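To start, the structure under review is shown below, and the notes come after it.
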Amino acid sequence: MEPLTSKKKILIQKPLNFAERMYLPALGKGLAITISHFFKKEATIRYPEVQREMSINWRGMHSLKRDENGKERCTACGLCALSCPAEAITMIAAERKPEEKDLYREEKYAAVYEINMLRCIFCGLCEEACPKEAIYLDGPIVPSDYLRKDFIYGKDKLVEEPLVKK
Amino acid sequence: MDISFVIEKFVLVAIIFGISLVIAMYSTYAERKVAAFLQDRLGPDRAGPFGILQPLADGLKMFMKEEIIPTHANKWLFMVGPGLAMLTACIGTAVIPWGSPITTAAGRIIPLQVTDINVGVLYIFGVVSLSVYGVMIGGWASNNKYSLLSAIRAASQNISYEVAMGLSIIALLLVTNTMSLKEIVEMQHGWHWNVLYQPLGFLLFIICAFAETNRAPFDLPECETELIGGYHTEYSSMKLGFYLFAEYINMFVSSAVMATLYFGGYNYPGMDWVLTQVGPVIAPLIGTAVLFAKIFAFIFFFMWVRWTIPRFRYDQLMHLGWKVLIPIAIANVIVTGIVIAIVEKF
């Protein structure tokens, strides 16, 4: 058959010369290579103790943010749920009572806010859709669990820690 | 025979036995660490600081495992196998001189050698040849094709390499004129190490030692890709542990033998000066430390080679043993004999 390219190269296997047949020089070379690796830095990272830094555009677990006064930013508009391609977010809205003024920023708030972490694909569309800057995917890796129901994260796991009053 | 002699020997035997077991135990740890470092990894580091409790954890695991004896195995021989492997591995240390004799303040001379028999080299040689019986018996008694094939391989490999090993020792004996290990070591006082007079003999001996201890690149009796586990396929629990352990003790013993025969044993350059400085009790102990440093270097070399050279094919193994090593060993004997004759004549 005509060769399709001009890159054809005929390999000639030469018979081994004396030094090669002795096997020992090659052995020494091999030993030198392995011992050089003995002094190299290990590639291993001791995981639970040492954690690699995530990239700046890393998207992890969601967190529902509070404003500078410690009030929840979310107003339960439902845009995040609407934008979610995996339909992982559900929420129930409620009206803020006068005595809850310190807890929620707007008159409407999310009484229930649930994200199914098994459905979530961590695309980040919810944080892009949010008009109140209330949701960000800035958390760690979502931990593993045994039951499906335990992957539905409610407000207890999602909302940021309240601000500590000085 | 006075009672202090008995106590002295008993203590020495107990110490040597304990040391060889501890060294074998930590060889398993060292092997994993060396392997890891050579492959840019960390190795075991979870059990204790730097993972130094790993051998204990491994031992505990071995003890806890279920003991399985196959239905069609020969039960008696199945149980004898690992014990024999362990026994032959341990008795080799009896003739190795661990240090020059200690002269106590009371004028009593304590030799740091269990027994100085005048055929020490032959004794070592015999014990090493016996060690294959543990493998053969275990492999045969398992009643498993893979184990049997492995036992056959181990037997033929050991027989092949014993010839070359014996011939390399003959060349050494022409130089030393004695078979007592103690006298051989004493001849190598200072830096007069036998490796300088017998470099080729040492090379042959170390290659054969790799084959005799079933270490890579000659670990054909236990190559996983061809024989599952090799002769210990059917073994579990501490019987398997004994086989693996015996292999490491063998490595320790052959390292000690190499250090003794070719690398001067407990001798090191400048030992006379050290003796005048620290006195006759401490100086032999320094010599012992030097001997152990040599042994550890050899053990490290065993591991280093294991993670460098791929396993030989069976026909390559036989080719190397019979067609390469034996002719070279014979030539070495002849050349050594001629050189010695010439040196003595003139």
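Cβ atoms are placed via backbone N, Cα and C, with glycine included.
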- line: Of A:Cys123, A:Cys130, the one that TrEMBL places in the same [4Fe-4S] cluster 1 site as A:Cys74, A:Cys77, A:Cys80 is A:Cys130
Query: Neighbourhood of the [4Fe-4S] cluster 1 site (A:Cys74, A:Cys77, A:Cys80, A:Cys130): other residues with Cβ within 8 Å of the Cβ centroid, in order?
result: A:Thr75, A:Ala76, A:Gly78, A:Leu79, A:Ala110, A:Cys126, A:Ala129, A:Pro131, A:Lys132, A:Ala134, A:Ile135
Statement: Neighbouring CB atoms within 10 angstroms of the CB of A:Cys80 ([4Fe-4S] cluster 1 binding site), all protein chains considered, total 26
Message: Quick check: in three-state DSSP terms, what is A:Cys123 ([4Fe-4S] cluster 2 binding site)?
response: coil
Query: Taking A:Cys120, A:Cys123, A:Cys126, A:Cys130 as the binding-site residues to compare, which has the smallest set of other Cβ atoms within 10 Å?
result: A:Cys123
Task: With A:Cys130 ([4Fe-4S] cluster 1 binding site) as the reference Cα, tell me which of the binding-site residues A:Cys84, A:Cys120, A:Cys123 is the closest one.
output: A:Cys84
- prompt: Where does A:Cys84 ([4Fe-4S] cluster 2 binding site) sit in the DSSP three-state scheme?
  reply: coil
Message: Using a 10 Å cut-off on Cβ-Cβ distances across all protein chains shown, tell me which of the binding-site residues (A:Cys74, A:Cys77, A:Cys84) has the largest neighbour count.
response: A:Cys74
